[in-house]
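As recorded in TrEMBL:
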- Arg167: active site (ACT_SITE)
- Ser236: active site, proton donor (ACT_SITE)
- Glu332: active site (ACT_SITE)
- 20-191: domain 'FAD-binding PCMH-type' (DOMAIN)
Amino acid sequence: MNQPSDVISDAALAPYNSFSLQARARYLYLLREPAQLTELFRWIYANDLPWLVLGSGSNVLLLEDFAGVVIINQLAGITLSETKSDYYLDVAAGEDWPSLVEWSVQQGILGLENLALIPGTVGAAPVQNIGAYGVELADVCQQVEFFSIAEQQQQCLSPAQCEFAYRDSIFKHALKDKALITRVKFRLTKQWQAKLNYGGLRELGEGASAQQIFQQVIGMRQQKLPDPKVLGNAGSFFKNPVLNQQQLQQLMVKVPAIPVYPASAGSSKVAAGWLIDRLGLKGFQHGGAGVHQQQALVLVNHGQATAADILSVCRHIRHQVWQNFALVLEPEVRFIGAHGEVNPDTVLGRPDASQ
Ligand SMILES: Cc1cc2nc3c(=O)[nH]c(=O)nc-3n(C[C@H](O)[C@H](O)[C@H](O)COP(=O)(O)OP(=O)(O)OC[C@H]3O[C@@H](n4cnc5c(N)ncnc54)[C@H](O)[C@@H]3O)c2cc1C
């Protein structure tokens, strides 16, 4: 089978990952219409090529050159409809998430404002159930549409079928490498209520408007998070550990002041960034990579970092956190090797391996 005419050979991936790492792809494909997928995947299968879909590449660590096809999702289009009680947004997966949030707030379609300025595409948002300031994608999602690679057709999932959890969904498990998300539908109630449970928003007071929340979230994010266009990074590098009561009590003996947040089923989430900061690792550097000066959970590329530099910093942090707090930090960022995603523990080794 012939190579589709718009496949680009030997492409640079630096513009397509927010760490700005200098990896290359054997092939690159800009996806603009869902109809392109059938022919593309026929060719991919005929040639037994690995494939990877990226949106803005703001949650990936490219460990090396990719040996197959990197598909850049550029599917575009937003459709708005409404009933007496709700607005419905039907959004193509390549749309830019921060722009969608800004546009919806401007239109008076409210409910996304707490999720302002999270980099990336709409199609990647369900994958790790993006969340910030007390709201997750799961709270506003009505349906996720995807191209099933095995069935070669579009399919839909309800939010319950997506199995959303903290930074998690079915797209990281049963549908990993089997689904390419093409559209996400949102239901936003007209009976809008401000979500002000998170620090930094409470001070706005009960009467806060969505516009005020939007501005406040943007202000806070700009203050503490580096802009990937200026300093390469992928946001929070690690997930916040989720602990049961016993684990939490053990940790609190060592660090009674650690911030704790409620998580599902009686468990608690603790702030990984606070633990890293406590170890004095803000500003720690190895090669071209380091821990951000203002936000200990963010690893940055100071300009010339390689993936190996970032791995060294990551390994050092995991080791220190294990030694001091007996916790193993799990990366939130997805590790991508030459043939697809790889398990971070395989690449890094586990700090608790010898216990
Ligand atoms: C400065 C900064 C701040 C951040 N803050 C937050 C935050 O507050 N909360 C939060 O949750 N995240 C945050 N992130 C992480 C990131 O913004 C989200 O994970 C975002 O959803 C990634 O979107 P993307 O398009 O860049 O995905 P990519 O990085 O391109 O892809 C991420 C993963 O999803 C898969 N994927 C992408 N598109 C599709 C698709 N269409 N179908 C199937 N799989 C797909 C990819 O294969 C990859 O495994 C932050 C990142 C940065 C750089």
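Backbone N, Cα and C define each Cβ position, glycine as well.
Counting every protein chain shown, 19 other Cβ atoms lie within 10 Å of the Cβ of Arg167 (active site). For the pair formed by Glu332 (active site) and Ser236 (active site, proton donor), distance between Cα atoms is given as 7 Å, rounded to the nearest Å. Recorded residues the residue listed as 'active site, proton donor' and Arg167 (active site) have their alpha carbons 11 Å apart, per Cα-Cα distance. Across the domain 'FAD-binding PCMH-type' (20-191), mean pLDDT in this model comes to 97.
Neighbour density for Ser236 (active site, proton donor): within 10 A of its CB lie 20 other CB atoms from the protein chains shown.
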